[in-house]
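Per TrEMBL, the feature domain 'Glutamine amidotransferase type-2' maps to B:2-219. Sequence annotations record features per position, and here TrEMBL assigns active site, nucleophile to B:Cys2. Here TrEMBL flags B:285-424, B:456-594 as domain 'SIS'. Summarising the annotation, TrEMBL assigns active site, for Fru-6P isomerization activity to B:Lys599.
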Number of protein chains: 2
Amino acid sequence: MCGIVGVVGNENATDILVNGLTKLEYRGYDSAGIYVNNQNNQDFLVKATGKIKELKNKITPEVKGSIGIGHTRWATHGIPTIENAHPHLSNDDRFYLVHNGVINNYQELRDDYLADVKFHSQTDTEVVVQLVDRFVVDEGLDTFTAFQKVLHLIDGSYAFLLVDRQNPETLYVAKRKSPLLLGLAQGFNVVTSDAMAMLDQTKDFVELNDGEVVILTQDDYQIFNENNQEVKRDSYHLSVDSEAASKGTYPHFMLKEIDEQPSVMRRISQEYFSSKGEVEVDENIVNSILDSDRIYIVAAGTSYHAGLVGQKIIEKLAGIPVEVHVASEFGYYPPILSRKPFFIFLSQSGETADSRQVLSEVNKKGHPSLTITNVDRSTLSREATYTMLLHAGPEISVASTKAYTAQIAVQAVLAKALSEKSNYESGKQFDLQTQLALVANGMQEIVDEKQLLDDMSRRILTDADNAFYIGRGIDYNVALEAALKLKEISYIHTEGFAAGELKHGTIALIEEGTPVIGFITDKLSAGHTRSNLQEVLSRGAEVFTISMKRVANENDGIILPDVDTLLTPLLSVIPAQLIAYYTSLNRGHDVDQPRNLAKSVTVE
Amino acid sequence: MCGIVGVVGNENATDILVNGLTKLEYRGYDSAGIYVNNQNNQDFLVKATGKIKELKNKITPEVKGSIGIGHTRWATHGIPTIENAHPHLSNDDRFYLVHNGVINNYQELRDDYLADVKFHSQTDTEVVVQLVDRFVVDEGLDTFTAFQKVLHLIDGSYAFLLVDRQNPETLYVAKRKSPLLLGLAQGFNVVTSDAMAMLDQTKDFVELNDGEVVILTQDDYQIFNENNQEVKRDSYHLSVDSEAASKGTYPHFMLKEIDEQPSVMRRISQEYFSSKGEVEVDENIVNSILDSDRIYIVAAGTSYHAGLVGQKIIEKLAGIPVEVHVASEFGYYPPILSRKPFFIFLSQSGETADSRQVLSEVNKKGHPSLTITNVDRSTLSREATYTMLLHAGPEISVASTKAYTAQIAVQAVLAKALSEKSNYESGKQFDLQTQLALVANGMQEIVDEKQLLDDMSRRILTDADNAFYIGRGIDYNVALEAALKLKEISYIHTEGFAAGELKHGTIALIEEGTPVIGFITDKLSAGHTRSNLQEVLSRGAEVFTISMKRVANENDGIILPDVDTLLTPLLSVIPAQLIAYYTSLNRGHDVDQPRNLAKSVTVE
């Protein structure tokens, strides 16, 4: 959450910053701001609450500079006001700072060093810029040394960009736990939370590690580690299609990304199967997992829901016991681990702070790990032992769709590879390549039935106060994801529930007209789920069913083409994604940038 | 769900039935009905929708009989109407039947045998009484034989009471999966779903097993098994205080049961510790668990939430890995089990159908099991290898309170006993007896602060549309239970959330005034939970904190006295129970009998 950008050595700094922030908006949009300096003693600070377009409206033509920093905020401390928006500045107007992260000990730092200083915001960030000023002005340190001194005092996570008005040729940069990259462009340099935001300027980036501090100028960068030793590091060239990050003719990224899912399935099939139809996964990953006695999947939000499905797939196809854990819980309250655990981290962005905190403990204990992510070279990817990529293309909409289905498909690939190596029969006999082809075709059929789901949404959801998705087994796992989707963008309080568990209390919420959407894909439990739907029908619920052909009734709301039971989530989630999309639209909300949310959650 | 009663040989059958149904109301109250016959060719059928008091209003003085059956319904098939209320009768008015359970194949039976019969209800039950009639009238079977024939055709669960108008000295009784007991009184006999309902008539009961059929008369009972062999079984005397099931001077059972919790803690301490302070748990249980390699806790609803806490206590004090599963999920989609699993079933009533289904599979596989329950001789208790009792006294309010805290305390007792036997250091050093005394005193302090929670409820909850409870670790587990309590009786859509997980999507639901209640009891995560509360405060939430003294701030809503981290749920849940109670009251709902619910959930 929060995105930051910086530029040094380009006369169009303002445009570069605003363009970059627009692409970082998925990281938060409670407020935004820029500071630019034209090196002729002219500088400008512009801030606005709300989205980037509010900021744009406030930027007048004279706001120009050759160095600048920008910020889009996801509020952690202090409500979204102009005062709390970044950049923050020191009281003497000399230092300007943007920050992504959380300073845990800001209150202590303020009490210890700045008791006499008047603060202008409720943020944890302002203390940092005031403290740099104190060390420079009162203690006579140079700016870089003062900055380093402050960094050593901080307990927390950060990506910082600092400008000293008395030296407006230099950007001071620091990173710990929050993502940050340098970008090397023609005649100038940039810095950004996400490479995607600077693709219009450059495709050459330099990675930064935790604890590093950088002096960035128009034509040079010097990286120092925590011991103040200079570190030499070359840039890498990012091969990414910047067109993929545009929504083309679609009204919203989310709809585009829903529609892309059949082709993502085909791409995963291509990437992970040889021309002979053999599954291809790095043998080291397979051996390392087969050498372990239990898999621990760690993830958050939608990725956690994909992990729940992955558990069922891996257990069934590969015969290895799997536990799935919410990252923020596992971090501080881990269960008793097995003797030889293997960890899988699921993260679309590869930057999720809650997962990083777990991975750092896992690394300390020397356990092997695999990150399954959409972003090559992301932090979780670099810090884990192994990586498997989703190949889903950039996902811009805050509500994740194609990353969820890609995560499930890639876990199935992994399960298949494990079974081939270990000769585990049920996996060996599972024709994943054919199934993925069936899935891709099935997805296409469903996305072509959009109108049906728009109609359903208008009929039972658009005016609803709350709602439920229910199912059993793997359908329950999808119900959790379906409910989250609807919550995220329609703001209807929705819960996913194990169909059999509803009667143990929560059924008290069912009243005349409460929407209850049931998933029914498996013969084993179809009858029981239908009984549970009868129980809510008896209490007046509006019931809609998403069923699979082999267990369908004529009254079902939408009937999905048959695929293997283990892969049903890849189809059954699609109507739920579309229901969320249309409900958000019909209620007049911002589909791609729902309130309060941010895509890449880089605070704990 | 659903409760049934029957009586044979007492002129006051009507009063006995109505009195019994009143005490069974916790099992469902969508509709109720009785049938009585005075053996002089006079009989009466009275039904009403809604609670028992509606039925009482419809019973006129002439409704008298010496044999009768009664039913209170929790609707599974068909909405709650007079037509769907029990007793059901055959079209020729000869047979009357009440049923608790679910007939899965009622549609097939109807198609196969009764295609020409006109039905008067949408229930699964009516088919049974019509089918008995068909076999008697059309095929010439005697009533008992016809009844047995029907039972053999049924796929499902049932407790049945059948009256044949041409033989009104006999009650035909059958049981499979649904609870049912015979009661032997002075000069007459009764039959009931729960002994509690007949304590005014007798304390001598006869257990029935699945598949048995009974011919019950004024002075005799004959039990037959599925092979039609007569089974001899003596009665047992139930030692229970029928006063305990009265609410005394309290306005509601729930408030009484909340207030009883300190004494329940003391009773558990007395029951499970010797006078020398040594923990006393059946050595066979301890040995059987220590002989296993992993514990699987299976439960539903509030008991599931108690199991989540139990997991943390057992893992920490006894060092044994524990998994907790929702019963209805485990039944059809079990995980890969360890080599030597041990099962613990948590069920207040000992009758939960979802858990019974799992236990029956566990027994087939020969795994050892323990039921922790409040009801001695309950089905789960009889079917598991071992039993530990909660000693919480009867819990009448549908929303469980003291059974939850008792379940946690008894799991702690078990963990302590395991550690003593296995010499596991952290458990050996844990002074559970002293901690339970601290807990009992702490509970007393909190229940004495009721007014504060009533005020809080009026301020932020009474008019709320939805709400959240959040916490980390064991606080998260309590948040789940706290949310369920509020859902059950206030009908506010409330979710318990891992504090760190909220930002991964659900935070989109937070708007101006959304109540968010945080639990903060552990130093390890207090700072992080407070950060998460800041995130929702920034978005306008109304925040209330339930914190423990050692991590309290002056602004916390209520501060709990310190107890060991593992036992904090025993204190932190109390304010949540009281918040639910007052919110239900302030919104004008029925605290003890919330809509749609039933206490003992005997369908899957």
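Backbone N, Cα and C atoms are what each Cβ position is placed from, and that goes for glycine too.
Across the fold, the C-alpha of B:Lys599 (active site, for Fru-6P isomerization activity) and the C-alpha of the residue listed as 'active site, nucleophile' stand 10 Å from each other. Non-local contacts of B:Cys2 (active site, nucleophile) by the CB criterion (under 8 A, 6+ apart in sequence, same chain) comprise B:Arg27, B:Gly28, B:His71, B:Thr72, B:Arg73, B:Trp74, B:His86, B:His99, B:Asn100, B:Gly101, B:Ser178, B:Ser193, B:Ala598, B:Thr602. Residue counts for the domain 'SIS' (B:456-594) under DSSP (helix as H, G, I; strand as E, B; rest coil) come to 70 helix, 28 strand, 41 coil. B:Lys599 (active site, for Fru-6P isomerization activity): 25 other CB atoms within 10 A of its CB, across all protein chains. When secondary structure is read from DSSP and collapsed to three states, the residue listed as 'active site, for Fru-6P isomerization activity' falls in the coil class. Averaged across the domain 'Glutamine amidotransferase type-2' (B:2-219), pLDDT in this predicted model comes to 93.
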